[in-house]
Amino acid sequence: MSTLTAAPITAPTIEYGELAPMLIIFGAAMIGVLVEAFTPRYLRKSIQMPITVLSMVGAFALTVWQGVRGVRSAAAMGAIAVDGPSLFIWGAILLLAIVSVLLINDDDHFVAEAAAVPGSAEEDQALSQGGAHTEIYPLVLFAVGGMMLFPAANDLLIMFVALEVMSLPLYLLCGLARRRRLLSQEAAMKYFLLGAFSSAFFLYGTALLYGFAGSVDLKAIATALSTVGGQDALLFIGAATLGVGLLFKIGAAPFQAWKPDVYQGSPTPITALMASGTLIAAFGALLRVFWVALGDLDAEWTPVLWGVAILTMVVGAVLAITQTDIKRMLAYSSIAHTGFLLTAVVATGKESQNANALSGILFYLLAYGFATVGAFAVVTMVRDPGGEAGHLSRWAGLGKRSPLLAGIFALFLLAFAGIPLTSGFFGKYAVFAAAVAGGAVQLVIVGVVTSAMAAFFYVRVIVLMFFSDPAPEGPTIAVPSMGTAAVVTLSAAATVVLGVFPQPVLDLAHTAAQSLFVR
Amino acid sequence: MELYVPILVLAVLAAGFAVFSVGIAPFTGPKRWNRAKLDGYECGIEPTPQPVGGGRFPLKYMITAMLFIVFDIEIIFLYPWAVAFDKLGVFGLVEMVLFIVTVLVAYAYVWRRRGLDWD
């Protein structure tokens, strides 16, 4: 007792200004919860939507301002790193979240009451009582806040908290699809159980690394690598289990099993948010852990990640070929892209934990994010009577019935395939170039071969859309709402602009990457 | 390593006792049928009726349990702060108020959306 009362406590300093983008998002989420509590039902949506979008725009503006000021610091006693990569990732996540929210704003995607069937009397009753879940907006804000904190966390405990703040709202959102309720609930259940499992791995790794280094701070762990001896078991098992937790979140093989089920079952706007935002956030966190904390251990983890990268690329590309559902195909394509990105992580080695690889990954993530959100936005517009026309055979001849929409979708697919003049080309080029510079030529060869395999199933969909006869009772093309139209337009514009004039964004990524990670 | 021997012995004893108890029960225990034995166990009170074969069931117990955990955690954080209240000074007070406000927001939501009503 005496030691407890005698020890002086110095108050920590917290740089509220530098953390402002995140604080705005979390604050807006709290206000959103209060709106749910205190405003009449018919007003909620018209209040929630502006709060969500304005807070994201405000946070984005602040992030840009900090980038202009050149903020590079470890805030909150070194627990949160506000550095170049963090700011770039924040900006990317916020942009993609704004676009996704425009898609989420469409009424049609979310269930009014968990047990109601679309179009039934029960649903009408739930809707007339204002049962529609406007909680979606605060949940999205919490998830986005978590996504921002996750890659910026400079401390394993903060990273874990961020992981949960990011994941828990997403588990809920996955289960709210209006149509195909069982699939949606199955997705939420699987995501939750597997996510909880991977969180446990993450925590276990954190505990072991704490046992090794005596600290959860990434910098302290890096220092301990050279000063602490004879604790290799703790270090290796800790690093491995921590890696499992992170690789699960990016969906690398052999931890990819959740991705197709979750992407398929979730409401498509939420899939768009997850496939873009979560991937960016998780990659940021993965890089920070492996480059900052475990940078000097690269001789041990590089071979493992080689295997993971090859397996991820092959599994993603091969299994995507056999898919018949458009959302599952995009999910496997996301797995393949995770593998392509991993080549740059793996190949950098130690001395080349360099700005080039980092800027390549950052650019790739942004380009891929926009193409993904756009592709899922198109998926929401191709409808059967029972909801979205998921089966690929239903997409046959779409190009003859709606050339514009099919053309835009083809653009996104070409961007995924990495065809020149689309954003995907420069992304893939930057990542593979970094990998070659890092000496991972074999890995790049596997990458190029699997890219060719991936191009096959992207082009197959394009051929199906433009050169097949339309199905007699083909799907209808929904007239897009303002939001959906804006999403498709913005994503297509970003994909083309990043493919034709990538230099400004490449420069930005390069500037952001120059500081590497603040230690 | 010798320090861990008692723990190991205790673990073996505990595991042995558990296996022994479960294993011996079917042979030695009396088997008198009683309807209450097959009911769901809800802390000794009459179980809430449930539709046969699943169906919709009320979530009120779960909501109560979740709320309990939220406020329980809040108290866990309040204790150490209360002990070191004067040392932490204004900073501690402000942070604690912010923390309580966030919990309060969740509380307001639950209260307004009738999460506290039993029926």
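Backbone N, Cα and C atoms are what each Cβ position is placed from, and that goes for glycine too.
Summarising the annotation, TrEMBL assigns domain 'NADH:quinone oxidoreductase/Mrp antiporter transmembrane' to A:153-453.
Under the heading transmembrane segment, TrEMBL lists A:20-39 (among others).
According to TrEMBL, the transmembrane segment annotation covers A:51-68 (among others). Nonlocal intrachain contacts for the transmembrane segment (A:51-68), taken as residues 6+ away from its ends with a CB within less than 8 angstroms of a stretch CB, comprise 18, 20-22, 24-25, 27-28, 31-32, 35, 82, 87-88, 90-91, 94-95, 97-98, 101-102, 137, 140-141, 144, 148, 512.
Tertiary proximity for the transmembrane segment (A:88-105) is limited to same-chain residues at least six positions away from its ends with a CB under 8 Å from its CB atoms, namely 21-22, 49, 52-53, 56-57, 59-60, 63-64, 67, 136-137, 140, 144, 147-148, 151-152, 268-270, 272-273, 276-277, 280-281, 284, 362, 365-366, 369-370, 373, 376-377, 380, 481, 483-484, 486-487, 490-491, 508-509, 512-513. Annotation comment: TrEMBL describes A:88-105 (among others) as transmembrane segment.
Positions annotated as transmembrane segment by TrEMBL: A:159-179 (among others).
If you look up TrEMBL, you'll see A:191-213 (among others) marked as transmembrane segment.
The annotation transmembrane segment is assigned in TrEMBL to A:233-258 (among others).
The transmembrane segment annotation in TrEMBL covers A:270-291 (among others).
Residues or ranges marked as transmembrane segment by TrEMBL: A:303-322 (among others). If one looks beyond the transmembrane segment (A:303-322) by at least 6 residues along the same chain, the residues whose Cβ comes under 8 Å of a Cβ in the stretch are 240, 243, 247, 252-254, 256, 290, 329, 332-340, 342-343, 345-346, 440, 443, 446-447, 450-451, 453-454, 456-457.
Marked as transmembrane segment by TrEMBL: A:361-382 (among others). Residues 85, 88-89, 92, 95-96, 99-100, 103, 106, 109, 268-269, 271-273, 275-277, 279-280, 283, 287, 326-327, 330, 334, 337, 340-341, 344-345, 388-389, 394-395, 398, 405, 408-409, 412-413, 415-416, 422-424, 426-428, 430-431, 434, 475, 477-478, 480, 484, 487-488, 490-492, 494-495, 498, 502, 505-506, 509, 512-513 of the same chain sit 6 or more residues outside the transmembrane segment (A:361-382) yet have a Cβ under 8 Å from a Cβ within it.
Taken from TrEMBL, the feature transmembrane segment applies to A:403-426 (among others).
Summarising the annotation, TrEMBL assigns transmembrane segment to A:432-465 (among others).
The annotation transmembrane segment is assigned in TrEMBL to A:477-501 (among others).
Proximity of distant same-chain residues to the transmembrane segment (A:20-39), defined by a Cβ-Cβ separation under 8 Å and at least 6 residues beyond the stretch ends, is recorded for 47-48, 51-52, 54-56, 58-60, 62-63, 66, 90, 94, 134-135, 137-138, 141-142, 144-145, 148-149, 152. Sequence-distant residue pairs (6 or more apart) of the transmembrane segment (A:403-426) and the transmembrane segment (A:477-501) include at least 3 whose Cβ atoms are under 8 Å, placing the two stretches in contact. Sequence-distant contacts of the transmembrane segment (A:159-179), counting only residues of its own chain at least 6 positions beyond either end whose CB sits under 8 Å from a CB of the stretch, comprise 108-112, 114, 118, 133, 136, 139-140, 142-143, 145-147, 149-150, 152-153, 185, 187-189, 191-192, 195, 199, 202-203, 206, 245, 249, 262, 265-267, 270, 273-274, 278, 281, 285, 289, 386-388.
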